[in-house]
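I have placed the structure first, in the form of structure tokens, so that the comments after it can refer back to it.
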Amino acid sequence: MIRLQTYAAFSLMATATAVYYAFSSREQFYPAMVYLSTSKICFVLLLNTGLVAMCVAWQLVKRLFLGTLREAEVERLNEQAWREVVEILFAVTIFRQDFSVSFLAMVAALLLVKALHWLAQKRVEYIETTPSVPMLSHARIVSFMLFLLVVDCLFLSNSLRSLIHKREASVAIFFSFEYMILATSTVSTFVKYIFYVSDMLMEGQWEKKAVYTFYLELISDLVHLSLYMLFFIAIFLNYGVPLHLIRELYETFRNFRIRIADYVRYRKITSNMNERFPDATADELNASDATCIICREEMTTAKKLLCGHLFHVHCLRSWLERQHTCPTCRAPILPPDNGRTAARPHGVHPGVQPVPGNGTPGSERAAGENISRRQAKLEAAASAASLYGRSFAYPPANNLNRYSTPPQSTSNGPQSGEASTSNQSPKGHATADPSAPTFYARGAVSSVTTTRELESSLQKAYENAIKSQIEMLQIQLQMFQHGATSSATNNENGEHTKSD
């Protein structure tokens with residue numbers, strides 16, 4: 001601000017000197033004005049003074065409605081300013097036929113008005129995340145947004161009148177479009193602020209706030225996308241490819257597509273929340289921390305995710321509007337593909353279904369724990385097998401020794417007879433250990449014989465790998481021994497040479 005004051009003072013002094021010289025040398029008003037408008041030095045000084053006046057007015061508006069800017073607001077202002085200047089330069093190349101002093105003044109005014117809009121959006125975000133905001137700040141931000149809306153409407157009406165008066169494509173299309181975008185952004189920011197105030201008056205208990213905010217942003221992106229497309233077509237038909245609109249058009253389309261995808265995913269997840277996420281029992285609430293980490297309040301009733309964490313149903317619904325992962329462990333919450341997906345245990349892949357009757361309580365307790373590296377390899381192999389139509393999956397490596405040799409039974413006592421009898425199926429086939437994981441893929445059950453063949457082949461592969469490692473170690477040992485013998489021989493020869 002001090003540098004602006006100094007620059008403004010020097011600019012005002014230079015302009016006053018030029019005006020005094022023009023009137024003192026010409027002595028009449030009309031010749032003096034002709035001299036000021038035709039002299040290049042005087043013309044540049046007058047333009048500079050006009051720009052300084054606009055900057056001073058911008059500083060006064062900012063100080064009146066916002067006060068001192070925060071560091072985040074200054075950073076946002078600097079980042080957006082450079083991008084906007086580059087886009088304005090591209091726009092100037094498109095409308096070079098309409099280039100004039102008034103066009104430069106309108107462009108400078110547009111940049112300053114856009115900067116005020118960026119600050120307003122950032123200040124509203126700051127107010128929404130601040131616990132206690134004084135009433136003066138609320139009054140200033142409301143009056144500031146109303147002031148911006150009035151300015152947008154005035155510039156928009158001026159551009160539309162110019163466009164209607166000329167009845168042809170001109171630079172007025174550019175300013176009409178820009179101020180229309182700014183006006184819709186101001187309305188969206190103001191409505192979002194109203195949502196915040198309503199939630200604050202309800203002491204943070206307005207459950208529909210996130211839903212309404214999401215719909216507001218969706219409608220705002222749709223309106224902006226429609227305006228960008230219309231303006232792109234209008235400029236393309238009359239002037240050529242508008243390079244300054246390509247980035248904005250792409251970003252708006254990407255944001256709109258992401259919001260549509262989030263909305264569809266949210267509807268899929270919340271359409272059957274009662275069936276997909278069961279209610280937590282009293283024992284589960286007592287066994288775990290009964291505090292919802294979303295709202296930090298005690299839970300009397302809660303929903304249980306597949307990962308085992310508990311949340312309020314309304315907190316979970318509001319969380320799913322923005323995120324699709326567990327708030328605690330960040331495990332993904334995917335929408336159900338069919339009715340059976342909701343009942344699938346955690347950690348089992350869609351193409352791999354567990355055998356009925358083999359589920360144990362230990363598997364439920366281990367659902368929230370981190371899986372080991374070998375189990376991750378097993379799940380990856382099972383998924384690959386299901387994708388390629390295989391009917392088998394490799395068991396964990398810690399079960400290979402258990403299945404590498406068939407169970408042996410003796411007739412030394414009755415217990416041995418019972419064990420041998422219990423290890424046979426009704427058809428006379430030996431069954432595997434109940435703790436061993438059995439997999440289904442595409443409805444086909446892998447037999448015990450196939451499992452044993454896979455186990456034996458994998459065991460042989462391990463044995464071959466170990467043998468090759470042993471051979472390499474033996475070769476390295478021999479080379480080391482040979483090197484040690486050679487060094488000892490060289491040392492002895494050196495000692496004999498010294499003694500001789």
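Placed from the backbone N, Cα and C atoms, the Cβ positions cover glycine too.
Annotated features, as they stand in Swiss-Prot:
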- 348-358: compositional bias 'Low complexity' (COMPBIAS)
- 398-426: compositional bias 'Polar residues' (COMPBIAS)
- 337-375: region 'Disordered' (REGION)
- 398-438: region 'Disordered' (REGION)
- 25-40: topological domain 'Lumenal' (TOPO_DOM)
- 62-98: topological domain 'Cytoplasmic' (TOPO_DOM)
- 120-135: topological domain 'Lumenal' (TOPO_DOM)
- 157-170: topological domain 'Cytoplasmic' (TOPO_DOM)
- 192-225: topological domain 'Lumenal' (TOPO_DOM)
- 247-500: topological domain 'Cytoplasmic' (TOPO_DOM)
- 4-24: transmembrane segment (TRANSMEM)
- 41-61: transmembrane segment (TRANSMEM)
- 99-119: transmembrane segment (TRANSMEM)
- 136-156: transmembrane segment (TRANSMEM)
- 171-191: transmembrane segment (TRANSMEM)
- 226-246: transmembrane segment (TRANSMEM)
- 292-330: zinc finger (ZN_FING)
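Taking every listed stretch (4-24, 41-61, 99-119, 136-156, 226-246) in turn, the largest tally of C-beta pairs under 8 A with the transmembrane segment (171-191) is reached by 136-156. Tertiary neighbourhood of the transmembrane segment (226-246): same-chain residues 87-88, 90-91, 93-95, 169, 173-174, 177, 180-181, 184, 252, selected by CB-CB distance under 8 Å and a gap of 6+ residues from either end.
For the topological domain 'Cytoplasmic' (62-98), residue counts in helix, strand and coil come to 31 helix, 0 strand, 6 coil, using DSSP. Mean model confidence for the zinc finger (292-330) is a pLDDT of 79.
Only residues 6 or more beyond the boundaries of the topological domain 'Cytoplasmic' (157-170), in the same chain, are considered here, and those with a CB under 8 A from a CB of the stretch are 95, 98, 176, 179, 234, 238-239.
Here the transmembrane segment (136-156) has Cβ contacts under 8 Å with residues 61, 65-67, 109-110, 113, 116-117, 120, 123-124, 127, 175-176, 179-180, 182-183, 186-187, 189-190, 193, 197 of the same chain, all six or more residues outside its ends. If one looks beyond the topological domain 'Lumenal' (120-135) by at least 6 residues along the same chain, the residues whose Cβ comes under 8 Å of a Cβ in the stretch are 66, 70, 72-73, 76, 141, 144-145, 148, 185-186, 189, 192-193, 196. Long-range contacts of the transmembrane segment (99-119) within the same chain: residues 47, 50-51, 54-55, 58, 61-62, 66, 69, 73, 76-77, 80-81, 84-85, 88, 92, 144, 148, 151-152, 155, 171, 175, 178-179, 182, 185-186, each at least 6 residues beyond the stretch ends and with a Cβ under 8 Å from a Cβ of the stretch. For the topological domain 'Lumenal' (192-225), the residues of the chain that approach it from at least six positions outside its boundaries are 124, 127-128, 138, 141-142, 145, 181, 184-185, 249, 252-253, 255-256, 259-260, 263, 314, 317-318, 321-322, judged by C-beta separation under 8 angstroms.
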